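S.K.: Take this structure first; my questions come after.
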Amino acid sequence: MATSWGSILQDEKQLEELAQQAIDRALAEGVLLRSAKNPSSSDVVTYAPFTLFPSPVPSTLLEQAYAVQMDFNILVDAVSQNSAFLEQTLSSTIKKDEYTARLFDIYKQVLKEGIAQTVFLGLNRSDYMFQCSADGSKALKQIEINTISASFGGLASRTPAVHRHVLNVLNKTNEASKILSNNPSKGLALGIAKAWELYGSANAVVLLIAQEKERNIFDQRAIENELLDRKIHVIRRRFEDVSERGSLDQNRRLFMEDQEVAVVYFRDGYMPSQYNAQNWEARLLLERSCAAKCPDIATQLAGTKKVQQELSRVGLLEALLPGQPEAVARLRATFAGLYSLDMGEEGDQAVAEALAAPSHFVLKPQREGGGNNFYGEEMVHALEQLKDSEERASYILMEKIEPEPFRNCLLRPGSPAQVVQCISELGIFGVYVRQGTTLVMNKHVGHLLRTKAIEHADGGVAAGVAVLDNPYPV
C-alpha cells in the first residue's frame, strides 16, 4: 500500500521540520491531553500522540465497516434485551470472574425490581483490523465492540485538519482532499440529545460519570460542548459524588444535588480497578433509576468478550435477529475465529490448539481499557496455568489477525519523531436510541483510526501504545 509521501520518511531534516508543523497544528486544533504528571489539571497540556501522515486503508473495507455498524447497533440492543441469552452465556464466566459477576448481580437486582428506564441509549465503537491473506487480499475482521466509555470521538473529530495541513505543506493538495471529514463527537452528542429529549423534562441534566484523574478531558469536553450548543447542560461527577449526594424519588427519578438527571453517560466504570464498595453502591443506584443510562448494565454485559465469542456460534445470530438474513451475513463476514474456554471437550480442544500453535491465537479476559490480552509465550504460560482450572472459563481465545505492515512516523510528546513499521485498528462509532420497544435512532457517526508499531502486540492510545491517525483511502 504505497503512498506518494513514502520517500519523505527517509529525509530526516524534512521529517523534523514537518513534524514540528504538524505538532503546532495539532495543538491549535485542540488534539490535546492533560499531562501525565498532573492529570487532574488543564494548567499544563500536551498534544495527543498521532501519526505524521494518514495511513492507507482499503476503501472497500472502510465502506464495509460503515455498512455493518447499524447491524451491530441492532445486535447489541437485541442482546441487551435477552436476559435468558445473557444468563446462559455468562453462567460459566461469573463463577470465576468477580468483576463480571458483580455487574451481573446488579443486572439481576434491577430485573427483579423491574427496569425503571424507558429510554435506552447506545454509544458504541466497533473495532477492526485488516487480515492480510497469503495472496495479498485483505478482509475486515472485528477485534471487539466497546459498549461502555467508547473514547476518542472528540479528538478524532479534530485530527483530519492536522493531516490535511501536513499534506498541503507538501503541496499534495489532491491527496489532502481525500482525507475524510469526520465528526464523531457531534453524532455521539446527537444520540445523548435524543435520549434527553425523549426523557421529557426540559430542566433535567446529563450526568457524566468521570474519573478524578482524567487526561483525556478534551475528548469528553467536545461532546459536552456539542450538548451545551443544544442548550443541554452536563454535570461531571464521580461515583463517590453519586454515593454521597445522589438520590431517587418515589418514582425512581434520579436527582443529583436536587437536579433531575435525564441521561447518565459513563466515562468511568469499565474496569475492576475503578470500583470500590462505595462505587458499586453508586452504580446500583444509577441502574435502579429511570434515567437513560449510556450504557445500562445489560448493554455493558452485551459488550463482554464472552458474549462476542458466543455470537459467533452457528445459528445464534439468526435466533437473535430473526428475518434479517442480510444483516446476519454482513455481521458474520466480519467475525474472526472465536473459541470458548468453558470446561469440557470444546474448551479442551481450544486450549490444545492454542498451545500447539500459539502464534495463531490471542487469549482475552473479560476486560476493557486495552493492554489486557496475552500473546505468544506469555499466552502459553497463562494457558499452562489455566488449562485444568475452571478459571479458564473467564477467558476466550481469538484467532490472531495478521495485517500488512506499512511505514509511518509516530509523534509522541517528549520523544523524537519515530519512523517505524506499523499496523492500524479502525473503529466505527455507532449510536442508537430506543424508546420502549421502538428504535427511534440508529446510525453510524464517524470513525477512529489508531496506529502502533508492529512490535506492540496490545494496547490503545490511553494505554500509551497506539497513536491517533486518519485513514487514507486506497
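Heads up, residue numbers simply count up from 1 along the chain you see.
In case you wondered, yes, glycine gets a Cβ from its N, Cα and C as well.
This is the feature table in Swiss-Prot:
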MOD_RES   A2  N-acetylalanine
BINDING   R125, 148-151, 214-216, Q220, 267-270, R450, 461-462  substrate binding site
BINDING   E144, K305, 364-373, Y375, 398-401, E425, K452, D458  ATP binding site
BINDING   E144, N146, E368  Mg(2+) binding site
MOD_RES   S415  phosphoserine
S.K.: May I ask you to report the DSSP-based helix, strand or coil state of Y375 (ATP binding site)?
M.R.: coil
S.K.: Let me make sure I understand the structure: which of the binding-site residues listed (S149, S151) has the fewest other Cβ atoms within 10 A of its Cβ?
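M.R.: Looking at the binding-site residues S149, S151, the Cβ with the fewest others within 10 Å is that of S151.
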S.K.: Is it possible to get the count of other C-beta atoms within 10 angstroms of the C-beta of K452 (ATP binding site)?
M.R.: 24
S.K.: Given the recorded positions R125, D268, Y270, S415, which one is most crowded in terms of C-beta atoms within 10 angstroms?
M.R.: R125
S.K.: Spatially, which candidate from the recorded positions P365, Y375, K400, S415, K452 is nearest to S151 (substrate binding site), comparing Cα atoms?
M.R.: K452
S.K.: Which of the recorded positions E144, N146, Y375, K400, S415 has its Cα closest in space to the Cα of Y270 (substrate binding site)?
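M.R.: Closest by Cα distance to Y270 (substrate binding site) among the recorded positions E144, N146, Y375, K400, S415: N146.
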S.K.: Secondary structure at Q220 (substrate binding site) (DSSP, helix/strand/coil)?
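M.R.: The three-state answer is helix.
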S.K.: Which one of these binding-site residues has the most other Cβ atoms within 10 Å of its own Cβ: E144, Y375?
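M.R.: Answer by Cβ density within 10 Å: E144.
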S.K.: Which residues, sitting 6 or more apart from Q220 (substrate binding site) on the same chain, put a CB under 8 Å from its CB?
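M.R.: Set apart from Q220 (substrate binding site) by at least 6 residues yet with Cβ under 8 Å, we have G154, L208, A210, E214, R267.
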S.K.: Need this for a regression test: recorded positions E144, N146, P365, Y375, S415, filtered to those with Cα within 10 Å of R125 (substrate binding site). What's left?
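M.R.: Among E144, N146, P365, Y375, S415, the ones whose Cα sits within 10 Å of that of R125 (substrate binding site) are E144, N146.
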S.K.: Including all protein chains shown, what's the count of other C-beta atoms within 10 A of the C-beta of K400 (ATP binding site)?
M.R.: 21
S.K.: I'm trying to understand the geometry here, so how far is the Cα atom of E144 (ATP binding site) from the Cα atom of D268 (substrate binding site), in Å to the nearest whole number?
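M.R.: Just about 19 Å between their Cα atoms.
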S.K.: Name the one residue among R215, D268, S415 whose Cα is closest in three-dimensional space to that of P365 (ATP binding site); these are the recorded positions.
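M.R.: That would be D268, the closest of R215, D268, S415 to P365 (ATP binding site).
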S.K.: Could you round the CA separation between D268 (substrate binding site) and K400 (ATP binding site) to a whole angstrom and send it over?
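M.R.: Roughly 29 Å, rounded to the nearest whole number.
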S.K.: Of the recorded positions listed here (N146, S149, R215, S415), which is spatially closest to K400 (ATP binding site) when Cα positions are compared?
M.R.: N146
S.K.: Quick one: of the recorded positions Y375, S415, K452, which has its CA closest to the CA of S149 (substrate binding site)?
M.R.: K452
